[in-house]
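*Asks:* My questions will all concern the structure given below.
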């Protein structure tokens, strides 16, 4: 069945409009330049202070940034989650962080569902698309859970490929939340201390990867016996 080209056309038109606005409207250009400089600074406290100035619109900005980071490799998911937690506190910040990831995952899922294999390959590269697809075909929801819960794994491709593969939306979101909620709770606790945060992120990555490797070994060798 031939995939509709409309999602790709709409995306291209939206990006084109934003690029044109950047060069036509000086105020928009200044705002984009400032946003880019702050968001790519790597200074979570500075980013949080900057986000706080938006007041009511701050959480919406974080959600928008979470969606945008799927296409901007310089912005990290975990960094944006920490920004929300630092700016709005461990409780509301965690709610905002989980909501932002859920929205971004949903957008990525439906982009993958609408664009088809050609469109997804152009966004993340054919090799990456095939690698992630094979990974998900073999390990199913566990691939999504581990990708979400590990701070240092890039998990944006998972959403696109899950949509492309036709995985059920609620199944996909269940796996996403199963991984992202524990990570968010951990970040809320670790974020109170910089040194604890640094060491904690390393440990959770090691443990999550070790658990996944253990699962692979069990599935491949022990379960067959």
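Glycine is no exception: its Cβ is also placed from the backbone N, Cα and C atoms.
Feature list, courtesy of TrEMBL:
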- 78-192: domain 'VTT' (DOMAIN)
- 54-84: transmembrane segment (TRANSMEM)
- 91-111: transmembrane segment (TRANSMEM)
- 139-162: transmembrane segment (TRANSMEM)
- 169-189: transmembrane segment (TRANSMEM)
- 201-218: transmembrane segment (TRANSMEM)
*Asks:* Which sequence positions outside the transmembrane segment (169-189), separated from its termini by at least 6 residues, show Cβ-Cβ distances below 8 Å to it?
*Replies:* 78, 81-82, 85, 90-91, 93-94, 97-98, 101-102, 105-106, 109, 141-142, 144-149, 151, 159, 162-163, 197, 200, 204
*Asks:* Under DSSP, the domain 'VTT' (78-192) has how many residues in helix, strand and coil?
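*Replies:* Summed over the domain 'VTT' (78-192), the classes give 101 helix, 0 strand, 14 coil.
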